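**Student:** Straight from TrEMBL, here's the annotation block:
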| type | residues | note |
| --- | --- | --- |
| DOMAIN | 9-166 | domain 'Glycerol-3-phosphate dehydrogenase NAD-dependent N-terminal' |
| BINDING | Ser17, Trp18, Arg38, Arg39, Tyr55, Lys112, Ala146, Arg261, Val285, Glu287 | NADPH binding site |
| BINDING | Lys112, Gly142, Lys197, Asp250, Ser260, Arg261, Asn262 | sn-glycerol 3-phosphate binding site |
| DOMAIN | 186-326 | domain 'Glycerol-3-phosphate dehydrogenase NAD-dependent C-terminal' |
| ACT_SITE | Lys197 | active site, proton acceptor |
Amino acid sequence: MTLGSSSGKVAVLGAGSWGTSFSIVLADAGNDVTVWARREEVAESINESRENVDYLPGVELPAGIGATHDVEKALHGADVVVLATPSQTLRANLATWAPYVEDDAVLVSLMKGVELGTLNRMSEVIAQETGAGPERIAVISGPNLAKEIARREPAASVVACADESVAKRLQQRCHSPAFRPYTSVDVVGCELGGAYKNVIGLAVGMAVGLGFGDNTTASLITRGLAETARLATRLGANPLTLMGLAGLGDLVATCSSPLSRNRTFGEKLGQGRTVEEIYASTRQVAEGAKSCSSLRALAASHGVDAPIAEHVDDVVAGRLTTQEMMNSFIARDTKAETD
Ligand SMILES: NC(=O)C1=CN([C@@H]2O[C@H](COP(=O)(O)OP(=O)(O)OC[C@H]3O[C@@H](n4cnc5c(N)ncnc54)[C@H](OP(=O)(O)O)[C@@H]3O)[C@@H](O)[C@H]2O)C=CC1
Ligand SMILES: O=C(CO)COP(=O)(O)O
C-alpha cells in the first residue's frame, strides 16, 4: 500500500485525549478516520453520540471519524497508522497489532515518552516490533494540548520522518484549517524534545505548587531546554529542532498551561499530594512521571549531565521532597551557562 498525499484511510490506535483530538485534525484534513478504542463502550459512544465522553466531553466529533474496538478492522486498508497509547504500553500493544498492519503502511507516533528498561524511543520500539524501516516510521510532535486542538484553536506542529518525501505526504494528510504541520527529518530531536518537556513540565509544576513565581519557572524552562539539547544532540539531533516547535514550542505550552497533565501532576506534588494519590485521581497519562527515570538513565549511559531529570526522578520515587529538589538546584556546583 503506497502512502497517498491527499486523502485515504487512517487508523488511529488509542482513543484517549490526543488520539481523539488528532482524529479531528485528520478528519478535517479530509481523511477517512477509524479510531480504535481499548474499551468497547468508548467506541460505541463515539459512533452513537459523536462524543468521547471520558476524554473530550462536550466536543462533537465530525462525521469523518468512526470508532471500533476491533483492531483488525481499524487497520484494514489504512495506509497511515497513528499510534496514540501511553508510551509504556506500546511494545505490548504492537506485539498484538503488528500482524494486521498493511504492508508499507506508514506508522506515526504521537507519543512523548521513553521506554523504561530498554531506554528506547517510540520510533525504535515501532521498528523492533513491526520490522518497518525508517522510511515507514514518523513522529508528530509540537505544542499541541489536546483540548485546544479539539476546539480547533490554531496550532503548528512537526511531522518528522527520515524520508523527507514521506514527511511531506504526511504533512498534506494532516494539514487542516486549524493545524499547520512543518516537515523535519530529525526524528530523534522531535522525540526527545517531546519526552523531555514532560519532565521539565513536572519540575515547573512542582515549583508552581510550592508557590514560586515566574523567575523560577523561566529558569527551569531555560535550563530544561539546555538539558534537553545536551542529550538530544549527543544522540544525533539537530540543535535547531530543539529551538523549534517540537522543542521550545512544546516546552513553553506544557510549562505554561494548566491543561498539561504533567505540569498539573507536578503542581499537586508541590502542594504535598503523594504520587499514589495523584495516580488514583486521574485516568489520564502523565508520561514524564515514568520517562524521568528512563531519560535520566539514557543521559547517564551517554555521560550527559541531566540534573532536572535526576531530581524529578528522585521526587517521583520519594527520595526527595519538592522543596529539597528546589534547594538542591540552587546549591549545585556553579558553572558557566554554556557548559
Ligand atoms: N493529551 C495531549 O495533549 C497530548 C498527548 N500526547 C501524547 O500522546 C500519548 C497518548 O496520550 P493521551 O491520548 O493524551 O493519553 P490519555 O491518558 O488521554 O489516553 C490514553 C489512551 O490510551 C489507552 N490505554 C491505556 N492503557 C492502555 C494499554 N495498556 N493498551 C492500549 N491502550 C491503553 C487509554 O484507554 P482507556 O481509556 O481504556 O484507559 C486511552 O485511550 C502520550 O504519549 C502523550 O504524551 C502528545 C501530544 C498531546
Ligand atoms: O504534549 C502535550 C502538549 O503538546 C500534552 O502535555 P501533557 O501530556 O502534559 O498534557
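Here, residue 1 is simply the first one shown, and the rest follow in order.
Yeah, the Cβs are placed from backbone N, Cα and C, and that goes for glycine too.
Where the annotation comes from TrEMBL, it is an automatic prediction and has not been curated.
I would like each feature placed in context: is it buried or exposed, what are its neighbours, and how far apart are things?
**Tutor:** Long-range neighbours of Ser17 (NADPH binding site) (same chain, six or more residues apart, CB within less than 8 Å of its CB): Tyr55, Leu56, Ala146, Lys147, Gln284.
Listed in sequence order, Asn198, Val199, Gly201, Leu202, Gly205, Thr254, Ala286, Glu287, Gly288, Ala289 are the same-chain residues six or more apart from Asn262 (sn-glycerol 3-phosphate binding site) with CB atoms under 8 A from its CB. According to DSSP, Asn262 (sn-glycerol 3-phosphate binding site) is assigned to a helical segment.
According to DSSP, Lys197 (sn-glycerol 3-phosphate binding site) sits within a helical segment. There are 33 other CB atoms within 10 A of the CB of Lys197 (sn-glycerol 3-phosphate binding site), with all protein chains counted.
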**Student:** Kindly report the helix/strand/coil residue split of the domain 'Glycerol-3-phosphate dehydrogenase NAD-dependent C-terminal' (186-326) according to DSSP, in that order.
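**Tutor:** The composition, in the requested order, is 106 helix, 0 strand, 35 coil.
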**Student:** Suppose we screen the binding-site residues Ser17, Tyr55, Lys197, Ser260, Val285 by Cβ distance to ligand 2 with a cut-off under 6 Å; which survive, in sequence order?
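**Tutor:** Going through Ser17, Tyr55, Lys197, Ser260, Val285 in sequence order, those close to ligand 2 turn out to be Ser260.
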**Student:** Of the binding-site residues Arg38, Tyr55, Gly142, Lys197, Val285, which ones put their CB under 6 Å from ligand 1?
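**Tutor:** Only Arg38, Tyr55, Val285 meet the Cβ criterion.
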**Student:** In the structure shown, which of the binding-site residues Arg38, Lys112, Arg261 has the fewest Cβ neighbours within 10 Å?
**Tutor:** Arg38
**Student:** Can you tell me how far the Cα of Arg261 (sn-glycerol 3-phosphate binding site) sits from the Cα of Val285 (NADPH binding site), in Å?
**Tutor:** 7
**Student:** 10 Å Cβ neighbour count around Val285 (NADPH binding site)?
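**Tutor:** I count 23 other Cβ atoms within 10 Å of it.
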